[in-house]
Amino acid sequence: MGQRLKCLLVIAVMALSGVHGFHDCFVEGCDGSVLLDGSNTEKQAPINAKLIGYEVIDAAKAAVEAVCPGVVSCADIIAYAARDSTVKLNGARWEVQGGRKDGFHSSASQAEADLPPPEFGASQLIDSFARRGLSTTEMVVLSGSHTVGVADCSKIVGRLYNFNNNQMTDPSMDPAYAEQLKKDCPQNSWNTTIEVFMDTITPGSFDSNYYQVLQQKKRLFTSDQTLLNDARTSGTVYTLMENGRFQKEFGEAMRAMAVVGVKSGSQGEIRKYCRSVNY
């Protein structure tokens, strides 16, 4: 596989698994609300600014509607796409249960309030996942999706130059790695078009190296590195380094995520087009 194609595939996996995970299920539940267009929908929230892959969902929906109209929801298509895109990068496989309904509402302000930002510490992450019925272990496992994808400079300059508002570099970050990131994201001239890989070992593979990178203190986000630094989560980090453990646990955690806030009956609908509610 060529490097350009691999990079595109990495971004697609990040987008699809991210949409299905935090970015859809954490706001209004797993109901496809992140797909809705509008001036104040979840798509417009700054925390969702880098989400892509909507065209993939559109194409899948059109193909399904052509064969069996009004049967498969956009929320279900997200779930299947998350699983299949992960498999494409030699990642985990899991069974996806269908039957979700698509939601009617989507709010940018709610997305900003509900989605865990990169600055969260362990306690905030644990609480955020617990409110959605997900365990601390499942939180650590699902964080492993950061084994693929990229982040732009806006998400990491705080750790590099003004950690805890003290005009210093986060001391939990490997010093050599921090200096490299500063070259990629200069203090006074960074921009959101500059992106760096989340995984410095195997950025094109869906594997357990996310946890190896944690051990090396080379994670971009505070919300990642905190998992190794906190006693409530560090044991799971080391367990997931074991051969094959992450793949198994990730599939199970995604199944748990997939039922968060699911809508049924009159709570939702099966949209004809994923970008708009039915009229």
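Just so you know, glycine gets a Cβ as well, placed from its N, Cα and C.
What TrEMBL records for 1-21 is signal peptide.
Under the heading domain 'Plant heme peroxidase family profile', TrEMBL lists 22-278.
Annotation note: HIS23 (active site, proton acceptor) sits in a helical segment as assigned by DSSP. Here TrEMBL flags HIS23 as active site, proton acceptor.
Summarising the annotation, TrEMBL assigns Ca(2+) 1 binding site to ASP24, VAL27, GLY29, ASP31, SER33, GLU42. In this structure, SER33 (Ca(2+) 1 binding site) is part of a helix by DSSP. Over all protein chains present, the Cβ of SER33 (Ca(2+) 1 binding site) has 29 other Cβ atoms lying within 10 Å.
Using a 10 Å radius centred on the Cβ of CYS25 (disulfide bond) and all shown protein chains, the other Cβ atoms total 27. TrEMBL lists CYS25-CYS30 (among others) with the feature disulfide bond.
What TrEMBL lists as disulfide bond is CYS74-CYS274 (among others). Close to CYS74 (disulfide bond) in the fold, though at least 6 residues off in sequence, lie GLY32, LEU35, ILE57, LYS61, ASP102, ILE270, ARG271, CYS274, each with a CB less than 8 Å from its CB.
Taking a C-beta cut-off of under 8 angstroms and a sequence separation of 6 or more, PRO116 (substrate binding site) has the following same-chain neighbours: PHE22, PHE26, GLN124, LEU125, SER128, SER223. In the three-state DSSP assignment, the secondary structure recorded for PRO116 (substrate binding site) is coil. Taken from TrEMBL, the feature substrate binding site applies to PRO116.
Here TrEMBL flags HIS146 as heme b binding site. According to DSSP, HIS146 (heme b binding site) sits within a helical segment.
Annotated Ca(2+) 2 binding site per TrEMBL: THR147, ASP199, THR202, ASP207, in sequence order. Residue density at ASP199 (Ca(2+) 2 binding site): 24 other Cβ atoms are found within 10 A of its Cβ, drawing on all protein chains shown. Under the three-state DSSP scheme, ASP199 (Ca(2+) 2 binding site) falls in the coil class.
According to TrEMBL, the disulfide bond annotation covers CYS153-CYS185 (among others). Long-range Cβ neighbours of CYS185 (disulfide bond) (same chain, at least 6 residues apart, Cβ-Cβ under 8 Å): CYS153, ILE156, VAL157, LEU160, ILE194, VAL196. Following the DSSP three-state reduction, the secondary structure of CYS185 (disulfide bond) is coil.
Per-residue confidence over the domain 'Plant heme peroxidase family profile' (22-278) averages 91 (mean pLDDT, predicted model). Nearest neighbour of CYS30 (disulfide bond) by Cα distance, taken over the recorded positions HIS23, ASP24, HIS146, ASP207: ASP24. GLU42 (Ca(2+) 1 binding site) has its Cα within 10 Å of the Cα of none of the recorded positions CYS25, HIS146, THR147. Taking HIS146 (heme b binding site) as the reference point, the recorded positions whose C-alpha atoms are within 10 Å of its C-alpha, out of ASP24, CYS25, ASP31, ASP199, are ASP199. Per Cα geometry, SER33 is the residue among the binding-site residues SER33, ASP199, ASP207 nearest to CYS25 (disulfide bond).
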